[in-house]
Amino acid sequence: MGNREMEELIPLVNRLQDAFSALGQSCLLELPQIAVVGGQSAGKSSVLENFVGRDFLPRGSGIVTRRPLVLQLVTSKAEYAEFLHCKGKKFTDFDEVRHEIEAETDRVTGMNKGISSVPINLRVYSPHVLNLTLIDLPGITKVPVGDQPPDIEYQIRDMIMQFITRENCLILAVTPANTDLANSDALKLAKEVDPQGLRTIGVITKLDLMDEGTDARDVLENKLLPLRRGYVGVVNRSQKDIDGKKDIKAAMLAERKFFLSHPAYRHIADRMGTPHLQKVLNQQLTNHIRDTLPNFRNKLQGQLLSIEHEVEAFKNFKPEDPTRKTKALLQMVQQFAVDFEKRIEGSGDQVDTLELSGGAKINRIFHERFPFEIVKMEFNEKELRREISYAIKNIHGIRTGLFTPDMAFEAIVKKQIVKLKGPSLKSVDLVMQELINTVKKCTKRLANFPRLCEETERIVANHIREREGKTKDQVLLLIDIQVSYINTNHEDFIGFANAQQRSSQVHKKSTIGNQGTNLPPSRQIVIRKGWLTVSNIGIMKGGSKGYWFVLTAESLSWYKDDEEKEKKYMLPLDNLKVRDVEKGFMSSKHVFALFNTEQRNVYKDYRSLELACDSQEDVDSWKASLLRAGVYPDKSFTENDENGQAENFSMDPQLERQVETIRNLVDSYMSIINKCIRDLIPKTIMHLMINNVKDFINSELLAQLYSSEDQNTLMEESVEQAQRRDEMLRMYQALKEALAIIGDINTVTVSTPAPPPVDDSWLQHSRRSPPPSPTTQRRLTLSAPLPRPASSRGPAPAIPSPGPHSGAPPVPFRPGPLPPFPNSSDSYGAPPQVPSRPTRAPPSVPSRRPPPSPTRPTIIRPLESSLLD
């Protein structure tokens, strides 16, 4: 039974399944399947058993199928079954198959009617089946029993939808003929996921159990309640047949005899029964497989491309080749050197867009981090001026000097140059760490050989640390060279003359009033900016207030905020001095004041301007900045150290001018030194560390690897890598084979066009007003009789009224006479006691009227309520 094309097609699909099941990827490859959907006791399991030709599925009342059963039928000379959870075990007794299904179901769901979405995978080999893959799903129910949860209806629905929503799943909607087809939950679920009806095939079971005098002819002919793929009727064995040991072969013969002998079905007997259902499914499966092949091929090609680059390295792997390890070692070291160079020097191909490479990070160290460390090394202005003052006084000793001593300048400059050692050595440490990180990233390619990876990393890291020491020695030497000779004749150095002139300009204040904006740019250089609180003015106005202050060489201005758009006032620095103010008892601020030596008002009606900071360090810093602008402390408020310590700021104008001169000289010379150091340190690191490490890797690494350990030990492959290589090669071959199989399928098969769409709106409107279903009984429920052709039979049979019990024989009654039908012959030879159908037009004379309504007597029983109402 079955067609030869399908017998050639499905083994190819099964080969696809087998190829990927071995790799654990069958779940990722959505191969076409057929899902059997229906209500409880609809005959789903019986349909499956007819395919297999054996009794092997559990039977009983209520919910029997409690887990999805994935059934793969394979044509074979021998007859046996295999479970995925019992690999290698063949079941030749199908009673054992039934017991194993029940036992496996109970292992997961328990023994009290519980359900689970975990499928049972069963493959049946038999000469009596076609090659098909089907899924038996739990029957649709609404009332929970046993251990079933209250939402059993929704759980089963979700489980069914999990399978039938896949676009590559054909839906076998099973509905008993003795129930209302219009309310079939199976067809409604299929309609939800397959609105076009391209994947849905209707199956009508229990045709032999319909009430006498009724049939499902109009449904099977797809005239009433149509589906795009139509319906196939089947007759399954009854429980009595099973108890009587009626085998499948006898059941098939009985099914064939039923359709040939039944007057309503014998003209379509060749399109009914399990054999025809198998052929229909095979053809639909063929079409579906061919339709899904393009997407399937794209998926396989995508997987193949994703691993092809990696597999390329494994293709030429020959474990038996004695020179393999030597070649591999040379290739690995060469690749490591290339990777290291690319990460340091940069590369135009395969640019990493996720993180900075080692070379880019070193560039940031050279041009961002190192200059920042130098700038961060700020001079304490107050401390620096004190040191300059001490140096001048100590050089003069007991004498009173007339000139600014250059030895004080050299002493201060040398001390500041030595401070550059810290940032310079720190930059060496940062570059060394980045080189080691780069080596670790490059050795990831050597991870397949653990010992080689470990030795390479160790040897190169040791060399980097060795070069680190030599680089630091050279950096310290550069600093010492700068300390050894102070070149005051440098072209960029301002010299003593310019420094003294600049210092004298600080003391010569021009009386320009409040016109600082007209000064030349050199006089408008900002010395300091920051927030200060004006305390004495704010007290009279209800509280102190903060302003943004800007100090230049000529004025002190304050603004509303740091955007410097709204200027409040600009105070000239002429004749101003600074003094300390005692902190108030309740105040947390530190205050200093500016006042005019000529007893003039500083700001409006105020003789002094009291400014507050959050800390004493801020006060000292502002006072030092004011000193640079020429605002000196008041003598009367200068505190002397009684323990022999010198005063913080000398009030000797000559000394202050000398301090300012040396301060300017120190600034000028240190800018020259900083520029030189910022240029030389990166060059030194580049030459002694980075370039040296690159040369070492290219020229000496291989020799040191050979001398450090035996070659065979170095090139021992990790177990994980060997397994991974074998797995990748197997995957690669399986993907290539799968693509070849797809090509074979396209060659040996032909698609058949889908049938035209039909009006299946009855599925959408059945909730509101279900139409009469001929699969239960034909009912004459119209308010007025439809016009019929004339008939010679006389009045139509009566509509029987329902008896007191649903199973009691009906009592017929006759309505008024109907118009006669045009023909009187009965082409179906119905028995005399059952009125037969009216004859239809011969095939050669097409009828212009719709098919006449049936005239056989029908039995009226109460309508079954829809499961979806």
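Glycine is no exception: its Cβ is also placed from the backbone N, Cα and C atoms.
For the ranges 205-208, 245-248, 285-288, 605-608, the feature annotated in Swiss-Prot as region 'G4 motif' maps to 205-208. Which of 75-78, 227-230, 235-238, 651-654 counts as region 'G5 motif' depends on Swiss-Prot, and there it is 235-238. For the annotation phosphoserine, the record in Swiss-Prot points to S853 among the listed residues S801, S853. As annotated in Swiss-Prot, phosphoserine applies, among S126, S769, to S769.
Each residue in the region 'G5 motif' (235-238) gets a DSSP state, and the totals come to 0 helix, 0 strand, 4 coil.
A 10 Å cutoff on Cβ-Cβ distances gives Y603 (phosphotyrosine) a total of 16 other Cβ atoms nearby, all chains included. When secondary structure is read from DSSP and collapsed to three states, T205 (GTP binding site) falls in the strand class. Residues 35-42, 44-45, 48, 57, 63-69, 71, 115, 156, 159-160, 163 of the same chain sit 6 or more residues outside the region 'G3 motif' (136-139) yet have a Cβ under 8 Å from a Cβ within it.
Of all the binding-site residues given, namely S41, T205, S238, the one with the smallest number of surrounding CB atoms inside 10 A is S238. With a cut-off of 8 Å between Cβ atoms, the residues of this chain six or more beyond the region 'G1 motif' (38-45) that come close are 57-59, 61-65, 136-137, 139-141, 173-176, 179, 184-186, 205-206, 234, 236, 867. Secondary structure at Y603 (phosphotyrosine), taken from DSSP and collapsed to helix, strand or coil, is strand. Fewest Cβ neighbours within 10 Å among the recorded positions K44, K299, K604: this applies to K604.
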